[in-house]
Amino acid sequence: ELEESEKFYVGQPRVLLLIYALYNTLVARSEMVCYFVIILNHMISASMITLVLPILIFLWAMLSVPRPSKRFWMTAIVYTEVAIVIKYFFQFGFFPWNKHVDYTKDKPYHPPNIIGIEKKEGYVHYDLVQLLALFFHRSILKCHGLWDEDEKGDSSSNKGDTDDELSLAGGRRDSSASLKSVNLAASVESIHVHFPEQQAAIRRKSSSSISQLSHRSSFSSHRSKRDINHTTLSLYFLQCKLCVIKSHCGLCCFRTLQVYVPIRQFFYNLIHPDYSAVTDVYVLMFLADTVDFIIIVFGFWAFGKHSAAADITSSLSEDQVPEAFLVMVLIQFGTMVVDRALYLKKTVMGKVIFQVILVFGIHFWMFFILPGVTERKFSQNTVAQLWYFVKCVYFGLSAYQIRCGYPTRVLGNFLTKSYNYVNLFLFQGFRLVPFLTELRAVMDWVWTDTTLSLSSWICVEDIYAHIFILKCWRESEKRYPQPRGQKKKKVVKYGMGGMIIVLLICIVWFPLLFMSLIKSVAGITNKPLDVSITITLGGYQPIFTMSAQQNQLKSLDQNEFSEFLGSYRGNTAALQFLEGYAREDITRADLEGNSNSLWTISPPSRKKMIQGLLDFDADFTLVISWTIQRTLEEVYPYYIKAPSDSLAKPIKQLLKDCKWENITVSLVKTNTSEEWWVLNQLGKRHKMSQESLELFIFSDKVSPPSLGFLAGYGIMGLYASVVLVIGKFVREFFSGISHSIMFEELPNVDRILKLCTDIFLVRETGELELEEDLYAKLIFLYRSPETMIKWTREKT
């Protein structure tokens, strides 16, 4: 029947087999499905009701050995059912806060929103999915006989109280007993009810301590400490029981111990296990923190107030550091440093304390402080939700690290475990990150026991990195050998060499290509919003002030633009200038000829100005943002170029024979002694009956905002900051080869690599004197070329 069943399943379609595989994966990781649904429910609801279970996951379920107990799952199921009933009860409209739901639904600090009892559509959908996932996991545990494992452990342990069981006093005896220790709400009375018998057992154990030590030497130190702690707790517990009759305070103390003792016992067993499956997930935790760091950098606006439309590049270009960005970066970076320190010190207790502080701190900040800062609910902050989800992944990995224990030895970088191209390029990319290699080396030196100085430590790290890179290249040469006397293949030459040639050419001509294409291809038309003309006679009050805005700024249609280009046919300089402008880049400004302000001048200054104008032998200046002669001929620039900067210039290529337009200036006086100046342009292209001025503005295209920080340097700036810097590194690569032949051309680096790993190993084992000897040997090796040649010969 089994063979027939196997043949039946093998013969099913691939789609059905895929569904079977996915279901089996779901069954095998059903507890992870429950965790995911609980966290997702809290991310969407973001209330105090849903906050309890995520905290219990990271501080109870994921820390339980070997798996969460039945008590946890029953707590989660009952709590979810109660939460559903509470949310349903508060959906009735007779509650005062349900009468203005539209007004209060987006307020983060509205009490019903904080608690999670607000009235809304689909208020219980995710809770029902959560309850369904919990019942699904419960059914799987029952199918495998793991649901009642706790009760079986309790019944078996109560059948006989042997000396070992009494001495352990509720400690971790086996897998079932370890599950029993997880029950946080277990009664302390059931553990210590036979206190006189325990004392007798302890006395009997002391008489036969020699025989017991003979077969318990592997973990006697842990159990002896645990016996002392349990005996002390038993004495305190018995005293509190005796005080119950005397006072109400004794009853409160007794109830407190009923909660405190199981929690203390849970964390004590976690920090001091009888055995541990040592693992190392620091790399995954570091990657999760790195992802969170990237989310903060590119989504910092989600953690501040009134910053939804902020841009980190524009903020930094204006020398403004957003407070939210600074706080989040410092907190994230600080937690990464602390995590690295705990990993190097291998202290599980510190990691447990850090986990508790971080879980409570992150949840309190994300769900109670951040909504007040951003003035929007957490469920409406997508970036914050993504950051929190990645942080939950970190919490899960951190709990797994605590449960299994830190590795005994931490040797080298995680990227140096294999010698292939992937590890090689990742390791070199890791070393290219600014200050990351230096910071890691200094932190490792601070939190690792060693006799080496900081400079010696960095020297060993540098030698190890260099030897690892050489080892990767030598392994690649062994995998892909090159026969002697055979020329390089064209694929290699044109592939690698051609790519380098193209790269070098692109670097050299990058500024010119970038500045020419950034505005012609990706440029944005920057039309003027306001055109103003101010004319001043001599040093007196301005006689004319006028602005053109909105409807007075007009674009040329296609016929006008074609006619405009035709008027300059044969003028090479003008056509070359117009080649860089399109029709939408040209704006015609029509300015009213009458000044928009009265001419206010004192009588003495007026007389003095009249005398200056009547004196034809003397020079008199007229200022239109430049200085000219007294006469008003050829003073008006008909064509103005508006570049990307703030300085507008006349276009000499379009001014025929470098002659500008003539304008007339006249003073108008009314019967009320009010007077103003009137200007009129004589050679207007578009004739108008009234007095007016006409101006053509050519607007240069500007770079997109996303590339403005790079285009702002200009061509010379890009050459100085990009090409020359990159050229320096390239020149060092090509010109410094002769000085490194002794250390680069090493045929076999296995012995040097083993010497470096031996230094790491003896350091981890505490053999610090041997570390000094091996380091001296390594330095002597690099000081002696003859010895280096002997050490790096190929093995025969």
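Even glycines carry a Cβ here, placed using N, Cα and C.
Copied over from TrEMBL:
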- 28-148: domain 'Piezo transmembrane helical unit' (DOMAIN)
- 279-516: domain 'Piezo THU9 and anchor' (DOMAIN)
- 631-794: domain 'Piezo non-specific cation channel cap' (DOMAIN)
- 149-172: region 'Disordered' (REGION)
- 33-60: transmembrane segment (TRANSMEM)
- 72-90: transmembrane segment (TRANSMEM)
- 281-304: transmembrane segment (TRANSMEM)
- 324-343: transmembrane segment (TRANSMEM)
- 352-374: transmembrane segment (TRANSMEM)
- 386-406: transmembrane segment (TRANSMEM)
- 418-434: transmembrane segment (TRANSMEM)
- 454-473: transmembrane segment (TRANSMEM)
- 494-518: transmembrane segment (TRANSMEM)
- 707-730: transmembrane segment (TRANSMEM)
Would you mind listing the long-range same-chain contacts of the transmembrane segment (352-374), meaning Cβ under 8 Å and 6+ residues beyond its ends?
46-47, 51, 54-55, 58-59, 108-109, 114, 267, 270-271, 302-305, 324, 335, 338-339, 342, 381, 384, 388, 391, 395, 398-399, 402
I'd like to know the mean pLDDT over the domain 'Piezo non-specific cation channel cap' (631-794).
74
Could you give me the DSSP helix, strand and coil counts for the domain 'Piezo transmembrane helical unit' (28-148)?
82 helix, 0 strand, 39 coil
